[in-house]
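Let me begin by presenting the structure, written as structure tokens, before commenting on it.
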Amino acid sequence: MCGPTATTVANAGTGGETIKGLPPGLKKPPWLRQRAPSGERFDYLSESLTGLKLNTVCEEAMCPNVGECWNGDTGTATVMLLGDTCTRGCRFCAVNTSQTPPPPDENEPENTAHAIAEWGVGYIVLTSVDRDDIPDGGSEHFARTVRTLKTIKSSVLVEALTPDFQGDMNAVAHLARSGLDVFAHNVETVERLQKRVRDPRANYEQSLAVLRHAKASKEGLVTKTSIMLGLGEEDEEIKQCMRACKEAGVDIFTLGQYLQPTPQHLPVKEFVTPEKFDFWKAYGEEVIGFRYVASGPLVRSSYKAGEFFIESMLRKDALDRGET
């Protein structure tokens, strides 16, 4: 079990070898250190987003990969819809919270779509805060953004990283059928740790139901989910979570290291090694059968490293269906 002392976990790739997880309370291990974000492309995206009054999860959630993602040849960002204030208070998340956030910007879907079209990216991730104060949880706002973007630039591939819409399956289906290419919703952690990690209004079975219903709502839709490691989960619990997600029809599974954003958030129980993340990638693809697993200390559910593979996968699927 991962905990406040050094933990030894079996390396499934070789007989008898082990991988040691680092105990918490130490300096951040070298594989988690990133340079401060800067650069011409970074500045361009930052100014573009600010000028259009768009929010990104890259900034709001203090993502460690923002410098890398924003400084690529084309640069990519995960745009956060429906404002920057969430109606829930998960204990791992740095996004602002309030039970009465400001109303959504009605111009946001069009502004977002036009901005993305101008960036010239081939793959974009749209996400949002939870908006339990809106009857449909923001599903139509999300869907309108997707529809507008596809109208302006049909070639762009769109991933939507969604809330659970309070279990409203009509809202799930509405977004799933909006024209997006990947429907992502995160279970966040293993089943045992759900109540400790997530807001009480979220739960494991509801998240699995959302993923299952999205998959059933549109033929050919790719589904995706993610969990954080380093919160005290056990290996067998991770395997069980993978199996449950696969049974719910999930195609893509990602795993990354939990990092405590502020002292008020949950502490890190363990820094999981890169070698262990490599094991989970192999296990997920070769044993569980996911089409793709992104697994690494700095991998996040919307991290660009996986997008190159996913983009190729989606375009191949389209060719197989006879689409252009």
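Each residue, glycine too, has its Cβ placed from N, Cα and C.
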According to Swiss-Prot, which listed range is region 'Disordered': 1-30, 211-240?
1-30
Neighbour tally for Cys86 ([4Fe-4S] cluster 2 binding site), based on other Cβ positions within 10 Å of its Cβ:
23
Counting every protein chain present, what is the number of Cβ atoms, excluding its own, within 10 Å of the Cβ of Cys90 ([4Fe-4S] cluster 2 binding site)?
20
